[in-house]
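Everything below concerns the one structure shown next.
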Amino acid sequence: MSSVMDDPTLERHFKGHRDAITSLDFNSNMKQIASGSMDACVMIWNMKPQMRAYRFVGHKDAVTSVQFSPSGHLVASASRDKTVRLWVPSVKGESTVFRAHTGTVRSVSFSSDGQTLLTSSDDKSIKVWTVHRQKFLFSLNQHINWVRCAKFSPDGRLIVSASDDKTVKLWDKNSRECIHSFCEHGGYVNYADFHPSGTCIAAASTDNTVKVWDIRTHKLLQHYQVHSAMVNSLSFHPSGNYLITASSDSTLKILDLLEGRLLYTLHGHQGPASCVSFSRTGDFFASGGSDEQVMVWRTNFDSMDYSEVLEQKGARNEKTSSVHSRPSAQETEATGFTDGRTSQRSGSTARVRPTSVDSPSDAQLDSLPAALTSTLQHIVGQLDVLTQTVAILEQRLTLTEDKLKECMEMQRQSMSEN
């Protein structure tokens, strides 16, 4: 009899970066994955096996963060060269660039409406920009050390930030005030993000732990000590029921937030796992590491009602599976496999239950005619490209104006000398 709950499987992995992967993100259409690396490149991996990857060169130093816009027609990248670039994820790889900070830019993140961009930096500040024309709006400046990560809440009203000052801060975007500082971590905070419901936040730290807080009561809901080295990244499943983490102990851990315990340990990366991200639908997740590989996994375990999961977990007597994968050099386009399973005690924690949010139902999605949906997506895509083109033209116009001023100044000087 087959198991109710299937283990995650490694679907394929991508090789092309020449240094450690720092960040990755799925396009909302599930056709592309963007990754950034210490090799200063942004790569766009096409999920169709026959399509080649795109390598975007432009940053002068390590790329620290990448994210697709909600429409999927732009990719933002942050770099140690203190700039942010906005790329069109096509074979041409056109981009606009702006100097965002006076130190390394650690993270870049779009608001859910795609209109605003959020950056954080080693200059200890968080900045908010318009995507169109990259106009600076305001900055948030209460951190006293590098700001590793900043994210918008799902409704765009709040911002969460994680810093080397060992705090996670919650900000009101409209008033620009810090609402609360969470100070429970004993180490630098590498990453933070909002639960899909917008009611909780989770943070990953160099103290090897992951913590989940309620943003309304500011109470610590859950504390996970399941890794044996620093936790570098995390990602919520769109259902809100699961959290995946990536650690320097080379493993990924899938946490069951409703039961408050470890569900799976995934071994795949040879060396530290630096980043992890669920796809927009939650069917897949991707991970990157210092082994220069991007791995794409099929989630599997989210394909049934949660009540079935609870029943099965009870039957397993609170034990969790550990899925091991050993990709060999020739498996450049690996198919899914899991070769060997061991049992492992779960890292149980306080069982306070964060609110979960269901994904849109198929009925809702099907209520729009397919042709209309396709047309609207095409229009949004064309608008994004148009915005990008206008931004490039504006940059060129500015350069031309500067050159003209320079020529006029030189002409004035030569006339005055004569």
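Note that Cβ sites are derived from N, Cα and C of the backbone, with glycine treated the same way.
Predicted automatically and left uncurated, TrEMBL annotations should be read as such.
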Range annotated as coiled coil - as stated in TrEMBL, picked from 19-46, 383-410: 383-410
Counts by DSSP class (helix H/G/I, strand E/B, coil) across the repeat 'WD' (266-297): 0 helix, 19 strand, 13 coil
Overall pLDDT for the repeat 'WD' (98-139), taken as the rounded mean: 96
Contact ranking winner - 98-139, 140-181, 182-223, 224-265 against the repeat 'WD' (56-87), Cβ under 8 Å: 98-139
Helix, strand and coil totals (DSSP H, G, I; E, B; other) for the repeat 'WD' (140-181): 0 helix, 22 strand, 20 coil
